[in-house]
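Colleague: From TrEMBL, here are the annotated features:
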DOMAIN    264-302  domain 'RING-type'
DOMAIN    381-423  domain 'CUE'
REGION    427-447  region 'Disordered'
TRANSMEM  6-26  transmembrane segment
TRANSMEM  46-63  transmembrane segment
TRANSMEM  69-89  transmembrane segment
TRANSMEM  110-134  transmembrane segment
TRANSMEM  206-225  transmembrane segment
Amino acid sequence: MMDEPVCLVLAVNATYCLLAIIVQIIQKIVFGKLRSIEYQHMRDKFWNFVFYKFIFIFGVMNVQSLNEVLVWMSWFTCIAFLLLLTKLCKDRFEYLSFSPNTPMYYHWKVLGLLVFIISCCLLLTVSCLTSSLIDMHSMTFMLAECVIVTTKALHVIMRYGIHLYDIQHEDLWERKATLVYHVDLFMELLTLSTNFLHHLHMLFSGNIWLSMASLVICMQLRYIFSEIQKRLLRHKNYRRVVANMEAQFPQASREEIEAQEDQCAICWEPMENARKLPCGHFFHSACLRSWLEQDTTCPTCRKQLDIRNTIRRDRPARLVPDGLNDPRAVLNPTVGVVQHRNHFWHFDGPRFASWLPSFSVEVTSLTTTTGMPTNQPSNSQLDTMVREVHDIFPQVPLQVIRNDLQITGSVEATTDNILEGHVTIPTNPRLSTLPQTPPPTNEDDQSNFQIQTASTSMLLSLAFSIPLLTPPVATTSVQSTSSGVPTIGGHFSKAPQEREQVLKDRRMELLRQARLKYLN
Ligand SMILES: [Zn+2]
Ligand SMILES: [Zn+2]
């Protein structure tokens, strides 16, 4: 009878009606009325799921027969059911955990549902493994789906466990934030990497190259990869912040905390253990850590916390192009050229499709020891940065700027270092040779030159920093320039040199006004 199409449609319809009733009952018992954000999440997740699974069934698996379509549809219905319920539990947990006087049985209902989801996943896994009808590829796909749903449900259960343990205990649990962070990190990375492998498997299993499905899967892979990258970057930042905090802000003693007679300004809870900032303000370690992940000032008085030195030690060259830090870089003394690691990339076309070609690309980075680029466009980013700083400080040798940039990796930080005198400038002028810029002859010309060649982004900071360092020199030089030009602007000249001159003079005038305003 099931071979009749009408009967089949009726059976499928009846199954979906039954499932809808079950979902309604679960929703009524466990969640009650859904909040609008929960509805929104359900809708988004559902249509996303339908879209990707449609691509999977017809694009990746290339299902032809009606029976196979039915098998996959019922499988994905189960998975969608479990996945949506997990998402709902997660949303509800986040909502309930923020309201401290939620009755306990609300929590137990959600937890019970999560346990039910995990048992369903286990059941599906077992039936998958024991079934003799499914081939190896399909089984791996199905198992990956089960693992993803189980991991997500387990994650919510673990978070729930931590939360319930915390609300059962009256006193503040200092290590809760650290534990939550590491649970989140581990479970999120586990889900993301399983998902990544699952998609890679999809891409390589079927013969789907250069099809719409492969494009969609590649986009999805790219998205998952960027998510993993973001998560790892965040973790790097977290570790840096923790190391900084432990090194620089000591634990306050009990007497100090009692003398303070204050609550933590971040969470408004009383303090038993706290860290002390140089400005004299106290915070919980966990609160301070999550604050420092976003900001480097004191939460109470906004005093800038000096954590730059440690950052510099931790990340010696964030923006330095690949190869400069490479210990394998070899110095060739005869030609004064540093040869860096070669980048070798090989594409094996026939491995994927018989008609695709094979080819290799090899890139070698070369830089002279004087810091100037060879005819190959290598290390261009660092060179640009060196030139930018040298334009501002022509008296500082290129090699000195380059060395500092390799440490800081930022034009602003190096500029600060030079202005604050952290950079030692040797007296030997031979090192400072830049072909495009003539060397300054005296102190007066030098400050003039600094202003003229300053890039627009640095204009403002120079206008304020030069009077602080050498007020008489800078002021006289600009005054002498502006006094030589009685009228600025007024008409639009046709000669480009004249227009440039007018613009330069205008800039001088603006700088002079800003400086006067600052000094008064
Ligand atoms: Zn706190
Ligand atoms: Zn403070």
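Heads up, the Cβ atoms here are built off N, Cα and C, so glycines get one too.
Structural setting of the listed features?
Modeller: Sequence-distant neighbours of the domain 'RING-type' (264-302) (same chain, 6+ residues past either end, Cβ-Cβ under 8 Å): 171-172, 174-178, 237-238, 241-242, 244-245, 249-252, 256-257.
Confidence annotation: the domain 'CUE' (381-423) carries a mean pLDDT of 82 in the model.
Under 8 Å from some Cβ of the transmembrane segment (206-225) lie the Cβ atoms of residues 52, 55-56, 58-62, 192, 195-196, 199-200, 352-353, all in the same chain and six or more residues away from its ends.
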Colleague: Per DSSP, what is the helix/strand/coil residue tally across the domain 'RING-type' (264-302)?
Modeller: 8 helix, 6 strand, 25 coil
Colleague: With a Cβ cut-off under 8 Å, give me the same-chain residues at least six positions beyond the ends of the transmembrane segment (69-89) that come close to it.
Modeller: 8, 12, 15-16, 19, 23, 26, 31, 34, 38, 41-42, 45-46, 49-50, 53, 57, 61, 63, 110, 113-114, 117, 120-121, 124, 142, 145-146, 149, 152-153, 156
